[in-house]
Amino acid sequence: SATLGWGLGQRDGRQRLLAGSCHSSPGQEEALVFADLTPEEMKQVVMYLQENLGVPLVDASQANPSDNCIYYVDVQLPTKAEALGFLDRGGRRPPRQALAVVYFGNQTNPNVTEYVVGPLPKPTTHRDVTVRKYRGKLPYHRRPVTEKEYKDIDRFVYQEFSKAPGLLRVCCDYDETNFATLTTAPRGFQSGDRATWFVLFQNVNGSGYYLHPVGLEVLVNHSSLDASQWSISKVFYNGQYYEDMEQLETEFIQGHVKDVKVKKVQPDEEFGSMRPRAAPMAPGPLQYEPHGPRYSIQNNHVIFQSWSFAFGMDVNTGPRLFDIKFNGERIVYELSLQEALAVYGSNCPGGMMTRYMDASFGIGKFAFELVRGVDCPYTATYVDRHYLVESETPKVNKNSLCIFEQDTSVPLRRHYSNLQSLYYGGLTKYALVLRAISTLINYDYVWDFIFYQNGAIEVKIHATGYISSSFLYGIGTEHGSRVGEHTLGTMHNHLINYKVDLDVGGTKNSLVAHDMTFDTVQAPWSPEHQIQRPRLTKKVLDTEDKAVFPLHSKIPRYIHFTTNRENKWGHQRGYRIQIVSFAGDHLPEASSMERSISWGRYKLAVTKRKEEEPTSTSIYNQNDPWTPTVAFADFIDNETIVNEDLVAWISVGFLHIPHTEDIPNTVTVGNGVGFFLRPYNYFDEDPSVHSPDSIYFRSDQDPSTCEVNPVACLSKTASCSPALPSFTYNGFQNQTGP
């Protein structure tokens, strides 16, 4: 039967990949070790917990902070030793298990507890792994805020607005429906705090409300498990602070408040709208495969030419790949997104407070349906993603991953010879792309994993979506740019962290740096003259302390994982890490919350792999960054990293100073960063020589004949229009709130 819950895109009325087909591709069964949970598995875990935890569980979509509820359920991956024992050494298949995170609000000492539940599909046991995993209990105040809590906060805030009817009517034409709130984070200044600044915007229909601040922000103390005890701790309006809404209204009535009349946004407002302003024209270029896709997918396993890998989606941290092989040889055991951080600046409290750690909101959960022909090529294969978060029932984001082969429109390599012999040789740079796009409140992040014919992998992230803004007053432009009448585009730094568990020629690797220097030497044939001669420098970085590179430090131009195995020419086989980034400055280490994002200190840090250090951060760091549940800085303890199983932690990003061209949306052009994993003496020659897409012809051959040049046949073999699937989009289903 078709297992694992992967719904698949269709083309020409047929399924591209036959999930559940009895014809298994090589590696498909192995890939299931890394597969996400199926909806049925999720249901079984929920039923098991309801029957075996011994306490009443409320559906999280309805749960109050004082209730017990299941926050989320996701797959619990096996240890690397278990997985490799099965994949490489014929050992038993690791038992399939789930991770369940439970909020215990209805007990004397509320806490968050994590359980491993299994074996699946019919679980019979559960074990509490919290203390072992985090070296202590998880205090309840660290829990991520649920949608139910946000809705209750909104309800409370709108009740408070009734205490300042005069000001809100005059400043903003407030009618109890035309405001929208935007959360900030973290939520205070010390462990135990749960007080959040909420920024108020006009509730614009069909456009980005993030560009329409009204000048009002409120600090809500929602630390109590009893919502009736919540309170407004501070109010900010147009540059001034007040104790509460009553004081703001009193000061307004007495004429002490400098109010600013914000014009109500009209339905036909163009500012910030993504509605087209030009008539449609003939469709642009369309990518398609003349003979169908040249890649295959079964369940969570992909094969493309010499590549194969397993893929999945962590509900918190987003897309992840496992067991990446080239020519059947493992290059990467795990390649996974860890965190997306945005540190803002503003002269308004919400903006200056904000340090979003997006994994705590759900990078995977908010990877919504992709729009065919815009987010991905029209003929890409689209894959559904099932998840169980804040509910006892699985939900689906249809078509939330896409996979496609693309012509990058630049040759991978080529040469035209006009000296000695005359010939041309070239190779089109085709690449396979796995893509997801996460919408984290206002921002949209495009996550790409790209595979090339020469054994290189590119990991890239583009940012688009709406900027977040503050109300413009005073010296606001010291923190960004004015982009609207009352709108300050606030500066912010994006920083993205990845885990790369490279296994180059096996699990025993070392880190080697190659670079250059100039030596001044006498010319052997003319000793009275000197030459500045470049020389290759080589250094083994033998400890973790030598293998960390601060965000803006100089890094060796060639830094690579090596194995003791050699290629044909006597070089250690290796894979090079090449980073492309223009990040802003990291949060100063003097900050009381910096340790919670200490992975951001480094553009690259290489550590000895440990099963107890699976991730660089935690979803619990966002709401208690002052006592981080996971502090990446603790991973670096000067252990030897020679001939060990190593992990590279890579951070890339960009400083964004918003400008008027960010209206309505930030564009992806120039806002893409990432890194390459490139073979470095790994092969005896470029493996793309074996690509069937190579072209070669000599001056004594006719390049217009199919026998000499397959490209010459395209006018015949690719002359028919593709049979395109109908356009469908279900992305608004199951969306019950913001």
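Using N, Cα and C of the backbone, Cβ positions are placed for all residues, glycine too.
Whatever TrEMBL says is automated annotation, not expert-curated.
Cβ neighbour count for Asp358 (active site, proton acceptor) (all protein chains, 10 Å cutoff from its Cβ): 26. According to TrEMBL, the active site, proton acceptor annotation covers Asp358.
Look at TrEMBL and you will find Tyr443 tagged as active site, schiff-base intermediate with substrate. Around the Cβ of Tyr443 (active site, schiff-base intermediate with substrate), 22 further Cβ atoms fall within 10 Å across all displayed protein chains.
What TrEMBL records for 43-124 is domain 'Copper amine oxidase N2-terminal'.
Per TrEMBL, domain 'Copper amine oxidase N3-terminal' is recorded for 143-239.
Annotation comment: TrEMBL describes 287-688 as domain 'Copper amine oxidase catalytic'.
Annotated 2',4',5'-topaquinone per TrEMBL: Tyr443, in sequence order.
Shown for the domain 'Copper amine oxidase N2-terminal' (43-124): DSSP residue counts in helix, strand and coil, namely 20 helix, 25 strand, 37 coil. Each residue contributes its Cα atom, and for Asp358 (active site, proton acceptor) and Tyr443 (active site, schiff-base intermediate with substrate) those atoms are 10 Å apart.
Over the domain 'Copper amine oxidase catalytic' (287-688), the average per-residue pLDDT in this prediction is 97.
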